[in-house]
Amino acid sequence: MGRREEMIAKIKELMTQPERIRNMGIAAHIDHGKTTLSDNLLAGAGMISEELAGKQLVLDFDEQEQARGITINAANVSMVHTYEGKEYLINLIDTPGHVDFGGDVTRAMRAIDGAIIVVDAVEGVMPQTETVLRQALREYVKPVLFINKVDRLIKELKLGPNEILNRFAKIITDVNRLIKRYAPEEFKNQWLVKVEDGSVAFGSAYYNWALSVPYMKRTGVTFKDIVELTNAGDLKTLRQKAPLHVVVLDMVVRHLPNPLEAQKYRIPHLWRGDINSDVGQAMINCDPKGKMVMVVTKIILDKHAGEVATGRVWSGTVKTGQEVYLINSKRKARIQQVGIYMGPERVNMEAVQAGNIVAVTGLRDAMAGETVSVEQIEPFEALHYTSEPVVTVAIEAKNVKDLPKLIEALRQLAKEDPTLHVKIDEETGQHLLSGMGELHLEVKLYRLKTEWKLDVDVSPPIVVYRESVTKQSPIVEGKSPNKHNRFYITVEPLPDAIYEAIREGEIPEGRPKDPKAVAKKLAELGLDYEIAKGIVDVYNGNIFLDNTKGIQYLNEVMDLLVDGFHQAMDEGPLAKEPVMKVMVRLHDAKIHEDNVHRGPAQIYPAIRTAIHCAMMKAGPVLYEPYQKVIINIPYEYMGSVSREINQRRGQLIDMRQEGEVMIIISEAPVAEMFGFAGALRGATSGKALWSTEHAGFKRVPNELAVNIIRQIRQRKGLDPNPPKEQDVCPQQ
């Protein structure tokens, strides 16, 4: 039996013992060494050869990832580790640290129960560290900490043991501050990471060594030994004395929960159904004999097998030939192949039971986030993404005969990555692709060329703006075209606290399942409870409230009013850009008794025009997306980089020096950031390391707004002059 077969046999045996399984991920800020850590863990567990690890970046198996040196797709690998004489199955999901791929991180978090948070010892906790940790804690994923690149503190910064320990203490304090802030109430203290119990390890993923207090106690290796061996350059002895995979995987087995433990507290939070039902109990108990339920976390296209859906099995057993329901898409499907991952390689199995990560084919048209079950059940909570698409490009096929293929390719990309928004316009042949940033879109366009062999024309990137209001409007009347229906509404700015709660997922988007609970939450955040009681719908960071009393036939048209509200929010009055942070209130209505006279053709224009007219009376403004830009540069380039940021309407937020390196944190409008990579390379002779993350929206300065509105309107084929109130409000 070869090594590979032996490994598969072991994995098969352990898959049926949930107490021996750990589903875990590794998450970090970009370039903090996440993929190098993953690869050396795999090498240690015998999945790839040690010579290749760290150079090969085995999890970066997309050729583009290898070229860019950043992880783009969350890949999954199963491996075996022995701890205190027992074998454990560890399913490792590698996630990207680059903000443009934040959606992948969110989806991976749904599948795992624990995460190693990697922090660079030199840079410390960075903005993206906070983002990934917040995502983990929101999904009830327990963290442990690995402090990486300790060799740089010894060799480059020449710190002594005490200074190094002070550095560790600061990082641990920073991480614990975030855990206290973002962890679920019941785990705020329980999940804090501590050096003493081994929930913190430190080392160098690149040089393949690590230490933790339990390991030091067990083996007698001291930190002093490490400093001496590093300074002497004796890396071989270092690796033998303190092997990375042993220390880190021991920490994983000891501190991260198995599926039996984790599902007890994760299922009530992640699933909206009745916990006391048979299927609810089967998931809470991770029961392989229960009804099969899995959640798809990723879709990839395999040249031979077609669409492969990776996901977490919460209850029951996934088997070949099983007939299943795709709950969100309201469709049936039949599972064709069932398997697990070992790196990019998929190994087929007859069945995979609850508590494992599975790869299946046959779920055509499933999207990431889909709930799959053998019977119709409540779906899992919608996955919550931290960023929103802010950059758009228009794409056209150069060759008309490629049009059907392009549409198919765009649909496929959207299915694999729900953070990518695709708008297909079959009439004009011009399709819009919106993503989290320039890099996100570049990667997708590259795939159109290489995987789909498509030749496309791409417009320069366009920024997605938002429209909003600055004050409360008077009551505005909206009349239906036949004059038989009238709606009286106001709009006003949505308070910041409520907008943030919607963005954070504390107030769910959509029609509330439990309006009383949502009204209570709105009241806690400062809205008058009498007004909040009228909550009807939450849509893209806007809310619609019904504050009428006893209006006849209102319930019959409420669905149409909500649709009309969506239309008004999708395209605001200034430049047909999406609307954000607006509260729309319905105060009164007169509705025709005969439903022939109150159909969509009457209700939509009435409510849409009323909302837009009210917005024009409420001080309409334009918001633009901002990015936080984190740049590491040698000290001498400080001046040229500051100039580069200032020229782009950017602001410096923070600066700190670490040895020879300056870390600059700034914010700048996305519109000014195109081509920044090249300019920065030029300004620093290629010596800058940088990353970005979404920093929300800010109001466009008045002196720029008129021009921007003109440009957007012109691009959309509208009259370029910004509309005035009388252009939008119907003359009475």
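Note: Cβ is positioned from N, Cα and C throughout, glycine not excepted.
Small disclaimer: the values here were computed from a predicted structure and weren't measured.
As written in Swiss-Prot, here are the features:
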DOMAIN    19-260  domain 'tr-type G'
BINDING   28-35, 94-98, 148-151  GTP binding site
MOD_RES   His597  diphthamide
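Known features from Swiss-Prot, placed on the structure.
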residue: Ala28; record: GTP binding site; DSSP class: strand
residue: Val150; record: GTP binding site; DSSP class: helix
residue: His597; record: diphthamide; DSSP class: helix
Compare the Cα of His597 (diphthamide) against each of the binding-site residues Ala28, Asp31, Val150 and report the nearest. Ala28
Here the 10 Å Cβ neighbour count for His597 (diphthamide) comes out at 14
When you measure from the Cβ of Ala28 (GTP binding site), how many other Cβ atoms are you left with inside 10 Å? 28
Surrounding CB atoms that lie within 10 Å of the CB of Asp31 (GTP binding site), all protein chains: 21
CB contacts under 8 angstroms to Val150 (GTP binding site), restricted to the same chain and 6+ apart in sequence, sorted by sequence, are Ala121, Ile164, Phe202, Gly203, Ser204, Ile226
